Amino acid sequence: MWRNSATVSFSSKLLSYSSSSANPNYFHYASAFSIFSPNGVVDQALSPSHQRFYCSSAVPSPSPSSGSVIKLGFLANKSDAYLPLSLKARDAVQLARHYGRCYWELSKARLSMLVVATSGTGYVLGSGNAVDLAGLCYTCAGTMMVAASANSLNQVFEINNDAKMKRTRLRPLPSGRIAIPHAVTWASSVGFAGTALLACKANMLAAGLAASNLVLYAFVYTPLKQIHPVNTWVGAVVGAIPPLLGWAAASGQISLNGLILPAALYFWQIPHFMALAYLCRDDYAAGGYRMFSLADASGRRTAAVAFRNCLYLIPLGFIAYDWGVASGWFCVESSVITLAISAAAFSFYRDRTTQKARRMFYASLLYLPVFMSGLLLHRLSDNPQCLAENPNRIIELPSFPEAVTESEEDDQKKKVRYVTAGPQGRAPVAYASIAPFPFLPVPSYVDQ
């Protein structure tokens, strides 16, 4: 009953087996995963070292010896009964690793995690005195899924361009490791799931910002890269939205205080991408992208744009302090790191070489985590005692927003200037002149 193409159909599985114990790869299965082609050969789902040819009636398999007989899908030799399960498990693990790696690369996971970090920072800044850890986790998870979806769609649309660039030709789609419909299904699924998670666990404002950013990145920024150099500034807007999303998820609204970190993200991205575009000019030209640096042979305008946007970062530390988002220490730290990246940009402007551009690129990589860490470390909570280093300089506000009282003992030291509305969830702010520094405003909040 054994023939050259011996197969037995049982429970929708095609099995064949050889008694050769030295080569267990003679056992094959096809129905465990729907990845085989009509001729019985699996498409590139596994790496070359682990690919198997799945048996079909059209593909012959080696004939087993008389000692091993398959009857109704069960092995007569009990010692070999565990062989199919072990091979199935091994192939399942290999398949999971393969697609997991493809999803990781499609999502640009490291870039997506940076987006999550900015969104989480915005959430903490918008939370006031108490941070909802569950809400923070939901916001970060939703942001991660939406970012993964946007990056995956970006690669779907740019598959032909990526195939022409050395830096991107080994991505899953250009290399053929995953099919386009599979990538589109993955991107659509995680994008919808992330938006739904934000809508259910955060609020509709955060979900709307996430969905809008996905559309802006995948359907506006991505095609614009091949049309006009303004794509860099559109991409900067895309990068500035996640911290605003986090703030909106925590506070339920968008306020001026919530725009400090998005502004930092926007201005930071310009020198960051200008350095990258200068370093990869030839690659971008080969891929058909219209980057700002391609129309600037000398690199002078590219370096000038980078340096100018570095200078725009300098006031952000003062604004964060003046608006009561962070303490004075953050103002100092922000100024130092901004001057450092500005110095790197100015050095690139004076000497437009690959080495200087790479130095500015590395400086930009250092700037963002230091800026966000300082903002989190020195952020001001709703507790009045956290608002100034010297408790004697704190003006206590009563429960009525319009009333401001001063202690008779400090009457000569303090003089109230005005009262204005504070950030979301906080009482109004009183700015005071403090002797011997009448020019220094000190924000003070009181729990409502």
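Each residue, glycine too, has its Cβ placed from N, Cα and C.
Remember, it's a predicted structure, so these values are computed and weren't measured experimentally.
Copied over from TrEMBL, here are the features:
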TRANSMEM  111-127  transmembrane segment
TRANSMEM  133-157  transmembrane segment
TRANSMEM  178-198  transmembrane segment
TRANSMEM  204-221  transmembrane segment
TRANSMEM  233-254  transmembrane segment
TRANSMEM  260-280  transmembrane segment
TRANSMEM  301-321  transmembrane segment
TRANSMEM  327-349  transmembrane segment
TRANSMEM  361-380  transmembrane segment
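Counting Cβ pairs closer than 8 Å and at least 6 residues apart in sequence, the transmembrane segment (111-127) and the transmembrane segment (260-280) reach three or more and so form a contact.
For the transmembrane segment (204-221), same-chain residues at least 6 beyond its ends with a Cβ under 8 Å from one of its own Cβ atoms are 139, 142-143, 146, 149-150, 153-154, 157, 191, 194-196, 198, 231, 234-235, 237-238, 241-242, 244-246, 248-249, 252-254. Listed as Cβ neighbours of the transmembrane segment (133-157) (distance under 8 Å, sequence separation of 6 or more from its ends, same chain) are residues 103, 106-109, 111-113, 115-116, 119-120, 123-124, 127, 171-173, 180, 183-184, 186-188, 190-195, 197-198, 201-202, 206-207, 210-211, 213-214, 217-219, 222-223, 242, 245-246, 249-250. Residues of the same chain lying 6 or more positions beyond the ends of the transmembrane segment (301-321) and with a Cβ under 8 Å from any Cβ of it are 260, 263-264, 267-268, 270-271, 274-275, 277-278, 292-293, 327-328, 330-335, 338-339, 341-342, 345-346, 348-349, 352, 360, 375.
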